[in-house]
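> Have a look at the structure that comes next, please.
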Amino acid sequence: MSWPQVQPEVNIGVVGHVDHGKTTLVQAITGVWTSKHSEELKRGMTIKLGYAEASIGVCPNCNKPEAYVTEYSCNQCGSDEKPQFLRKVSFIDAPGHEILMATMLSGAALMDGALLVVAANEPFPQPQTREHFVALGIVNIKNLIIVQNKVDVVSKEEALKQYKQIKEFLKGTWAEDAPIIPVSALHKINIDALIEGIQKYIPTPQRDLSKDPIMLVIRSFDVNKPGTPYNELKGGVIGGSIIQGKLEIGDEIKILPGLRHEKPGGKVEYEPLYTTITSIRFSDLEVKEAKPGGLVALGTELDPSYVKADSLVGSVVVKSSNKNVSVLWNLKIENYQLLERVVGAKELVKVENIKKGEVLMLTLGSATTLGVAKNIKNDELEVELKRPLVVWDKDLRVVISRQVSGRWRLVGWGIIKI
């Protein structure tokens, strides 16, 4: 016997400043080291979005929080009675380095809740702690847990002093009541209390499976090894998260904006890609249908050359019959709001007004594109995009970043008008 093989039902982001122990924390909970990319292993930092899953269970014989486990046995009491399965969750490990803010923002679009990891042995808040916190608020994350990591390398007094600083920082913000849970990810101390916190504070959202399915793409790849005979080639794979509705094997889908074509005279157009879903998997689990929660890999009939090296990242997948999705080269943003200060730099710089002709970076869902500010009046902003954005609903929030001292910095957000 073991726990049921099911897809994850909730996505939990793991965010915070570089080197504060995000990837180590994910490993402590799931047993998976999410940095797999060769460059990541060499540089010791997360570059792409990492991913891992964990099943959560509770031992009927132990007291809480020790009763919470992520394995099909309890090391605490050694009882023959197996822990009861509660749910499967997935973790999206976002990069903490300042140059990778766009990657963090594209991951935030998939999150149902988040763990903000703070190192107890560094001054609080660090620049990306602050920037990630603001970003989570902008993309409307409601469920947050602050994880005070590395408490094993500071005294009790230092840990308590920082706890008070965190409380002070949260006061008056969207996350004023967020719980703060101290852990040592390296020594796996208090991980059971964190799992209890995840169960209590990051519930699985209510999902409406009758809605038109929408999937945000964060990966795409060719699974064929070099030299595979032509008649054995497998179609391209797209990976991402379904944010509403459900997809099934055999569904005909379209991928937007699609393939880029350069026309004579330098004009660029995008053509939607149409294909059929041939397989669906979550990590090692093959399923017939996929719902929101977890990162799903869709096998398709696409030519593998279309998906190579994450070329479809930022795309949106819908059913081929869906006519309610717009692909926009010109974005009208209303009720846009700028932060008072640029939060991700060491010094807090005042945010200047957006100027006509300024190049901005916009993030919507898992897509990031550059654009030029054209018309600005009151709280409305029009931006001409270098690559079109796919708008799948009304009142979507777009995140606005601009170059500050050679780095893209989060400066505001607005609502897309369609």
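In case you wondered, yes, glycine gets a Cβ from its N, Cα and C as well.
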> Of the ranges 149-152, 245-248, 393-396, which one does Swiss-Prot list as region 'G4'?
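Of the candidate stretches, Swiss-Prot labels 149-152 as region 'G4'.
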> For the recorded Zn(2+) site, whose residues are CYS59, CYS62, CYS74, CYS77, find every other residue on that chain with a C-beta no more than 8 angstroms from the centre of their C-beta atoms, and list them by sequence position.
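Everything else in range on the chain: PRO60, ASN61, GLU66, ALA67, VAL69, ASN75, GLN76, GLY78, SER79, PRO83.
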> CB neighbours of LEU186 (GTP binding site) within 10 A?
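The answer is 15 other Cβ atoms.
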> Under 8 Å Cβ-Cβ from GLY21 (GTP binding site), six or more apart in the same chain: what's there?
VAL117, ALA119, ASN149, LYS150, ALA185, LEU186
> Could you give the Cα-Cα distance between CYS62 (Zn(2+) binding site) and SER184 (GTP binding site), in whole Å?
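So the Cα of SER184 (GTP binding site) lies 22 Å away from that of CYS62 (Zn(2+) binding site).
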